[in-house]
Amino acid sequence: MGKDPRKPRGKMSSYAYFVQTCREEHKKKHPEASVNFSEFSKKCSERWKTMSAKEKGKFEDMAKQDKVRYEREMKNYIPPKGEKKRRFKDPNAPKRPPSAFFIFCGDYRPKIKGENPGLSIGDIAKKLGEMWNSLSAEVKQPYEKKAAKLKEKYDKVKFLLSFHLATL
């Protein structure tokens, strides 16, 4: 679901107004210079921390005005109708069969874990992917046959289930 372009822009904090002002000042002083975001943010943060309450007051007033604007716009805003809710997923529906690669992973994951106990789940998956890609078509064939059999069985059960539900 995308963002609604008619939705009012969010309210800005006093700090956000301060950073915006700092950015404008920086652009006036150095119009051609590109800004290192993390460095700029640190400098703004340090400046904000050393400011007195009186100095921050200007930005807090701006934030209060923006909050009023936001609340006013939100009162008039009508959100779009939500998309259709997701269809109910039958908990008794047959589970999709694994692909040839996942069957291969089921066979080799324990072996990889045993040989490399320090590997993370992601690293194990990478290693299994590399192994799978390096296999010849003949070595992959038993896994592909097993996956095809499981898919056939799944399709049959799914068809029978849909036929059964249609007759109810």
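The backbone N, Cα and C atoms fix where each Cβ goes, glycine too.
Feature annotation from TrEMBL assigns domain 'HMG box' to 8-78 (among others). Helix, strand and coil content of the domain 'HMG box' (8-78), in residues and according to DSSP, is 54 helix, 0 strand, 17 coil.
Taken as a whole, the DNA-binding region (8-78) shows an average pLDDT of 91 in this prediction. What TrEMBL lists as DNA-binding region is 8-78 (among others).
Nonlocal intrachain contacts for the region 'Disordered' (71-97), taken as residues 6+ away from its ends with a CB within less than 8 angstroms of a stretch CB, comprise 1, 4, 6-8, 147, 150-151, 153-154, 157-158, 161. Annotated region 'Disordered' per TrEMBL: 71-97, in sequence order.
TrEMBL lists 94-156 (among others) with the feature domain 'HMG box'.
Per TrEMBL, the feature DNA-binding region maps to 94-156 (among others).
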Mind checking how the domain 'HMG box' (94-156) divides into helix, strand and coil residues in DSSP? 50 helix, 0 strand, 13 coil
